[in-house]
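Quick look at what Swiss-Prot annotates:
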{"type": "BINDING", "residues": "11-17, 39-41, ARG311, 337-339, 419-421", "note": "GTP binding site"}
{"type": "BINDING", "residues": "ASP12, GLU13, GLY14, LYS15, ASN37, ALA38, GLY39, HIS40, THR134, ARG148, ASN230, THR245, ARG309", "note": "IMP binding site"}
{"type": "BINDING", "residues": "ASP12, GLY39", "note": "Mg(2+) binding site"}
{"type": "ACT_SITE", "residues": "ASP12", "note": "active site, proton acceptor"}
{"type": "ACT_SITE", "residues": "HIS40", "note": "active site, proton donor"}
{"type": "BINDING", "residues": "VAL305, THR306, THR307, GLY308, ARG309, LYS310, ARG311", "note": "substrate binding site"}
Amino acid sequence: MVNVVLGSQWGDEGKGKLVDLLVGKYDIVARCAGGNNAGHTIVVNGIKYDFHMLPSGLVNPNCSNLLGNGVVIHVPSLFSELNNLSEKGLKDCDKRLFISSRAHIVFDFHQHTDKLRELELKGISKDGKNIGTTGKGIGPTYSTKASRSGLRVHHLVNDQPGAWEEFEAKYRRLLKTRRERYGDFEYDPEEELNRYKKYKELLKPMVVDSVFFINNAIANGKKILVEGANALMLDIDFGTYPFVTSSSTGIGGVITGLGVSPRHINEVYGVVKAYTTRVGEGPFPTEQLNEQGEKLQTIGAEFGVTTGRKRRCGWLDLVVLKYSAMINGYTSLNITKLDVLDTFKEIPVGVSYSINGKKLDSFPEDLINLGNVDVEYVTLPGWDQDITKITEFDQLPENAKKYLKFIEDFVGIPIEWVGTGPARESMLHRDV
């Protein structure tokens, strides 16, 4: 059985908290896409754990964790993250972590050229805007993957005669093409290669044929939870291109990033922030560049875990949610951070887009059109009540229930969980 947790907006919805809540019921937690450009925080027994690349199932000592073939791995960051978790009391994480032999490696020069590429794109952009990359080398690594010149984990850990020499030769060719593309930037390949000789031995015990690993687990009745990274609106195909990440962040990325058949996927949980946020540039129809937006940002503590950047804030956009639900096929929803709306007297919700008075039937793929939409709002009454101490769904204020019911009715998907505060236990559940 495979269940999936996916972000429905532009990321930072609180996926990790739901995974943390569910992980005790699963044998394996897997990631299928992205790298250390993701970021979420989990609080367990008062200890805060920051996750970027690693599956958050590591907080459960009885759970195995998998980085699938669709993930791109910056090896130094992987070990740094493992060390940080160990220092905070999570033991034997390296023994509970398995890494796909097919996953591609992010080198330091990928990160360096990521920033150069950002400057280049800004220079040719009509409005001079950045894509908003995290600078972690994710895009350049997926680029070399697509051009069939990248290096995978199995290239690094192979012990056959001549394998290291082949790895080194491919590495140098890859670096040479980067320098031809971006100029002779300052870089020490010998230092990086020496580091990878050491990483090779440390990585080897964790590396598996992930396609066999996960399908064998399915065949043996293991329960698997897939932890999506980023969110649908950052998907390379379905997001607000080019202000997106470089991988498939929706349900398609689960299939291609793990090698799992669609027929094995059971539940798909869509995580939805009760309002909308976005990090970096790109269109954001319901953004509030006013006191309301600042209030959402302040109360919601909207700063990125990975970048530290302020998140842009706006009202819940049900056009976005309906679009992502259509693609990902959510079976139920988790509404997060509902408590951030506690003090708002009125809460507008975006329900449709129009251009020049003409209502749009679908989410615009063209950013010029998207940047010119007028949003139709329905304004719902607030509840003006602290909900952070509430422990049962039925105890929510009537207007909070009406807000949730409006969402359910609009998208036609039941809400199974509601987040009412930052604490681990601040999550209401109801049977759907």
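Quick reminder: no glycine exception, Cβ is built from N, Cα and C everywhere.
Features recorded in Swiss-Prot, as mapped to the structure shown.
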residue: LYS17; record: GTP binding site; Cβ contacts under 8 Å, 6 or more apart: HIS40, ILE42, THR336, GLY419, ARG424, MET427
residue: ASN230; record: IMP binding site; Cβ contacts under 8 Å, 6 or more apart: GLY7, GLY11, ALA33, GLY34, ASN37, ALA38, THR245, SER247, THR249
residue: GLY308; record: substrate binding site; Cβ contacts under 8 Å, 6 or more apart: none
residue: ARG309; record: IMP binding site; Cβ contacts under 8 Å, 6 or more apart: VAL279, GLY280, PHE303
residue: ARG311; record: substrate binding site; Cβ contacts under 8 Å, 6 or more apart: ASP12, THR277, ARG278, VAL279, GLN297, GLU302, PHE303, GLY304
residue: LEU338; record: GTP binding site; Cβ contacts under 8 Å, 6 or more apart: ALA274, ILE387, ALA400, TYR403, LEU404, VAL418, GLY419, THR420
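For the pair THR41 (GTP binding site) and LYS310 (substrate binding site), the Cα-Cα distance reads 16 Å. GLY14 (GTP binding site) is 10 Å away from GLY39 (IMP binding site) when you measure Cα to Cα. A gap of 16 Å separates the Cα atoms of GLY14 (GTP binding site) and LYS310 (substrate binding site). Sparsest Cβ environment among the recorded positions HIS40, LYS310 (other Cβ atoms counted within 10 Å): LYS310. All protein chains included, ASP12 (IMP binding site) registers 27 other Cβ atoms within 10 Å of its own Cβ.
By neighbour count, meaning other C-beta atoms within 10 Å, the densest spot among the binding-site residues GLY11, GLY14, GLY39 is GLY11.
Each of the binding-site residues ASN37, THR41, THR420 was scored by how many other Cβ atoms lie within 10 Å of its Cβ, and the smallest score goes to THR41.
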